[in-house]
Amino acid sequence: MLKVWEPQAFLEFLNRRRTEFYPEIEAQVRAILERVRREGDGALYAFTRQFDGADLEATGLRVTEAEYREAEAAVSAAFRAALQVAVENIAAFHRPQVPTSWFTTRPDGTIVGQRVTPVDRAGVYVPGGSAPLFSCLLMTAIPAVVAGVPEVIVCTPPDRNGRIDPHMLVAARAAGVKDVYKVGGAQAIGAMAYGTATVPRVDKIAGPGNYYVTLAKKLVFGPVGIDMLAGPTEVMAVDDGSVDAEWLAADLLSQAEHPNGMVILVTTAGPERIAAVGAAMARHTAALPRAETIRRSVAELGAALAVDTLEEAADLVNAVGPEHLEVGVADPWAFLPLVRHAGSIFLGRWTPEAMGDYIAGPSNVIPTEGTARYASPVCVETFIKRSAVTCYSEAAFRAQAPHAVRLALTEDLLAHAASMQIRLAKPDGESPSEGREAG
């Protein structure tokens, strides 16, 4: 079921795929964003009719309290219990990430430091489609709440009846979300970036989406911050034959059931192992309701690569920079130091990637398409910023300002130099008010 690649040929294929441009899609996204910027809610209603088949003008874009109450009554006690475990684990993982402001005084009396503050309002995008991805909501909104963001909102597309899945709404309340808006696609990104009469403008947008959503995030960046450019999902499994082939096959299929999901197997156990895992994938697929999506994903983006050593496997991992990395080897902790580029790493046979999707604690909103080379999963840091703080005493200023003046003059920035020279011209200990009176 998996296409066998020669490693270098696969890396070349991957690089071509990751560097493709889609100017026709960019033109469509730009047009959507511009219409949202100009027309606000009117554009959102029109696009929701066009793309989601829902007419919301009578009921509005914002989820009402009545809808939250209906959702609470609709979900099972078992779901509530599982949700609570997930919420607790996600919050517990992210709390230690919260940084503190700090200040230090140098020997000359200068005080320097950093003041850490959250953004005022965060916008979370949750994809729609055939499944209610409330896990993405939890994994994005909870880090924002833990970071201290005063207001977190969510945009997600409605169904054809103009409703949001009740599990999504219950998850939103459990995560601490203020409001949910029935808006999806690139138009949702535009609404959160520019603001409309209903959807407030946010300071940071986070969450995954399809190519249209990802491109919209890229285009609005600047006036609003974004977490990353997170595209279709990926999983890469490093294997030495020590994990049951049936288990490994099931793990790979867990990502293939997403449209355009990429699955990569790197094994040191030879062609027979690839055949065994592929056969197991075929058997599992036949019994799954999303079999058609899985077969398409695997046919287009499934790959198996045979290597001789785990060191070679690690080189491939670092070249790919996968979103999800499963390390199914006899000693996963010995392999871990070899990994430099991977979004989220799952060690050992009892750690299927799907545990990370729902309940382990780290966010499942993770860099894709090789961006793990420089980017990180959504976390508390996504929603905070640092302000540098500096305070000179007079003595410290007089000691160091001449050096700063020399540097400013060397850059030929005379006004910079003058702002320091005007202070140096004052007699020691004379306040500005004393100087004015003397003049």
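Just so you know, glycine gets a Cβ as well, placed from its N, Cα and C.
In the three-state DSSP scheme, Glu323 (active site, proton acceptor) falls into the coil class. Sequence-distant contacts (6 or more apart, same chain, Cβ under 8 Å) of Glu323 (active site, proton acceptor) comprise Thr233, Glu234, Val235, Ala342, Gly343, Ser344, Ile366, Pro367, Thr368, Ala372. The active site, proton acceptor feature in Swiss-Prot is assigned to Glu323 (among others); the stated evidence is sequence analysis.
Annotated active site, proton acceptor per Swiss-Prot: His324 (among others), in sequence order, evidence recorded as sequence analysis. There are 28 other Cβ atoms within 10 Å of the Cβ belonging to His324 (active site, proton acceptor).
The C-beta environment of Tyr125 (NAD(+) binding site), restricted to residues of the same chain at least 6 apart in sequence and closer than 8 Å, consists of Val154, Cys155, Thr156, Ala188, Ile189, Met192, Ile205, Ala206, Gly207, Pro208, Gly209, Val213. Annotation comment: Swiss-Prot describes Tyr125, Gln187, Asn210 as NAD(+) binding site.
On its own chain, Gln255 (substrate binding site) has Thr233, Glu234, Val235, Gly261, Met262, Val263, Ser297, His324, Glu353 as residues at least 6 apart in sequence with a Cβ closer than 8 Å to its own Cβ. Look at Swiss-Prot and you will find Thr233, Gln255, His258, His324, Asp357, Glu411, His416 tagged as substrate binding site.
Annotation for His416 (substrate binding site): same-chain Cβ neighbours under 8 Å, separated by at least 6 residues, are Ala408. Under the heading Zn(2+) binding site, Swiss-Prot lists Gln255, His258, Asp357, His416.
Burial estimate for the binding-site residues (Gln187, Asn210, Thr233): highest at Gln187, by number of other CB atoms within 10 Å. In this structure, Tyr125 (NAD(+) binding site) is part of a beta strand by DSSP. Shown in sequence order, Pro232, Thr233, Thr293, Ser297 are the residues of the chain, 6+ apart in sequence, with a C-beta less than 8 angstroms from the C-beta of His258 (substrate binding site). For Asp357 (substrate binding site), the Cβ neighbour count at a 10 Å cut-off comes to 18, with all displayed protein chains included. Here the C-alpha separation of Gln187 (NAD(+) binding site) and Glu411 (substrate binding site) works out to 46 Å. Under the three-state DSSP scheme, Gln187 (NAD(+) binding site) falls in the helix class.
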